[in-house]
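*Asks:* Below are the features I grabbed from TrEMBL:
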DOMAIN    5-236  domain 'UCH catalytic'
SITE      Gln96  site 'Transition state stabilizer'
ACT_SITE  Cys102  active site, nucleophile
ACT_SITE  His176  active site, proton donor
SITE      Asp191  site 'Important for enzyme activity'
Amino acid sequence: MEPHRWLPLEANPDVINISLVFLFQFLKQLGIHPDWQFVDVYGMEPELLSMVPRPVCAVLLLFPITEKYETFRTEEEERIKAKGQDVKSSVYFMKQTINNACGTIGLIHAIANNREKMNFETNSSLKKFLEDSLSMTPEERAKYLETYEAIRVTHESSAHEGQTEAPSIDEKVDLHFIALVNVGGHLYELDGRKPFPINHGETSDDSFLEDAIEVCKKFMERDPEELRFNAIALSAA
């Protein structure tokens, strides 16, 4: 059976600007009040991080999938399977089974793990999706998303925003979104391509942005020749 494919957000050469437009439109169309906003993190130095509105409840990282990264990902998975890790049952995590949907899944991870802070419209399609899928496994959530037409339509509508030409659904994409969130005082990396969340240690509401950026820096350090990295914060409006 052919895998499900959505329009690729990440194929556009101006992907950084498109990402913010996409995320803004996505939040609006999914029925979330603008109490929170996605903002660019312009740099990882303290003075630039100080420009990001606080509090920050999630960070999305856009990065290239390279051979170096895939090697690390395999080694990391084997290490965690051997040693184990603590993951709180309250972490909302879903697998990615739809090609080109990592931006949407990153956003769902960011919102789902901060849902008590969000102000949803009564008829919000994302609110309904989260309520329906809360008791599901990560795999069941992925399958449910495949059939959830409201989010697919919103993804494709938002993916067109700001683009002069519609992307091809078959376009090869090597950029990927993940979400970093604070659940119960621990910083989790949520990537639907991985089998489980990654616990990056303790954090707090006050230090979350700085702690998340330290994780982002490790991605960059593993691929020092790559420049295609961007961090986007979900901040109070």
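Cβ coordinates are placed from backbone N, Cα and C, and glycine is handled just like the others.
For the listed features, I'd like the structural context: burial, neighbours, distances.
*Replies:* For Gln96 (site 'Transition state stabilizer'), the Cβ neighbour count at a 10 Å cut-off comes to 20, with all displayed protein chains included.
All protein chains shown were included, and the count of other CB atoms within 10 Å of the CB of Cys102 (active site, nucleophile) stands at 26.
Around Asp191 (site 'Important for enzyme activity'), the C-beta neighbours below 8 angstroms that are at least 6 residues distant in the chain are Gln96, His176, Ile178, Ala179, Ile198.
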